[in-house]
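Here's what Swiss-Prot has on this protein:
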- 11, 71, 140, 144, 179, 206, 228: GTP binding site (BINDING)
- 71: Mg(2+) binding site (BINDING)
- 255: active site (ACT_SITE)
């Protein structure tokens, strides 16, 4: 079996993971206490569980996941929340003081004390796997723990599990709504550190997600819960097709790397997801395979604020969920190739990697989204440089005044690292 261990670092990692596990449990018919529902037991047992869940002797399913947080708030919500019986209590690791938005605290001072405990738990979970495929790491770039501790964790995973694939789902600092003033420092430092250690980094920014919620779902003031559920839906085709279900065209963890990353350092694919429609509107729209796919190429459906029309595509991967026929998908791919609106770089052939999963997407009860066939597009495009350009410009602005640098130096960094 090909298992995957997911690691959730910091507040953003923990909260996104909560939404993802809620979704995985619904998809597999696993109750919040870890046991299967009656309908699920009666149905054909599906072996896709083992990728993300390990089964105990009593028939309980335990997620292969580890929560690491330097302060206990987010993990305490899990410990007291509806899914408290699902997770193994030892796999939730919390410290007493947070990294206070400081990369150096997460990476050098506070993070150093927790990293061995964290890796010990990772080793235990990994030893339970018969064929560990790799790691999914959820964290943010802007916070102190997501950036500092996340980078430290990636470095140590590379040492201990060199050949295993490491996929990251990162919350990237949004251009307009920032949560802290030192986000550019943290993001640039963590990107520089993890560039060699990460295989693929899927970037998401909150502003793009909020815009999708406002525009397509009619939520005036989206909360983190709305955005995290949308992110979970956006990454569920990736995990479902890759691992969980028996699919027409299956994709493996290593295949993402092979198909999306032409050069090891250019590993920042853009994710886009369609259709994002509320339950009220869904019955009035046709949502054909063609429409759903073309919407994926629109700039306002990307999960990062950048315009793919300004760049060229290096590689594209189309993942479908629901009642989708391969014939339609190939017709769509042929149409896109002739259209020339989708510009590929000259050195790459215009090919689309395609995955189809017949299991329709599962919706959270009373959630925002309607149950329709979905497409998720992962593309490695040169347009992502817009996001980095904006960020490095902010970094230069703050660093030219040496603002806030003393906080980092005081925690054991050297100014030369900037």
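Glycine residues also receive a Cβ, built from the backbone N, Cα and C atoms like all the rest.
Where Swiss-Prot records a feature, it is marked here on the structure.
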| residue | record | DSSP (3 states) |
| --- | --- | --- |
| 11 | GTP binding site | helix |
| 71 | GTP binding site | coil |
| 140 | GTP binding site | strand |
| 179 | GTP binding site | coil |
| 206 | GTP binding site | helix |
| 228 | GTP binding site | helix |
| 255 | active site | helix |
Study note, to complete from the structure: Taking every pair from 11, 71, 140, 144, 179, 206, 228 (the record's GTP binders), the biggest C-alpha distance in Å rounds to 22
Review point. Out of 140, 179, which has the highest number of nearby Cβ atoms, where nearby means within 10 Å of its Cβ, if these are the binding-site residues?
Key: 140
Exercise for review: Look at the recorded positions 71, 255 and tell me which residue has the greatest number of other C-beta atoms within 10 angstroms of its C-beta.
Suggested key: 71
Review point. Under 8 Å Cβ-Cβ from residue 206 (GTP binding site), six or more apart in the same chain: what's there?
Key: 171, 174, 177, 227
Study note, to complete from the structure: Rounding to whole Å, the Cα atoms of residue 140 (GTP binding site) and residue 255 (active site) are apart by 24
**Study point:** residue 144 (GTP binding site) CB neighbourhood, other CB atoms within 10 A
**Key:** 28
Revision key, fill the gap. Other C-beta atoms within 10 angstroms of the C-beta of residue 228 (GTP binding site) total 21
Check your understanding: How big is the gap, in Å, between the Cα of residue 228 (GTP binding site) and that of the residue listed as 'active site', rounded to a whole number?
Key -> 26
Point to revise | C-beta crowding around residue 11 (GTP binding site), within 10 angstroms | key: 23
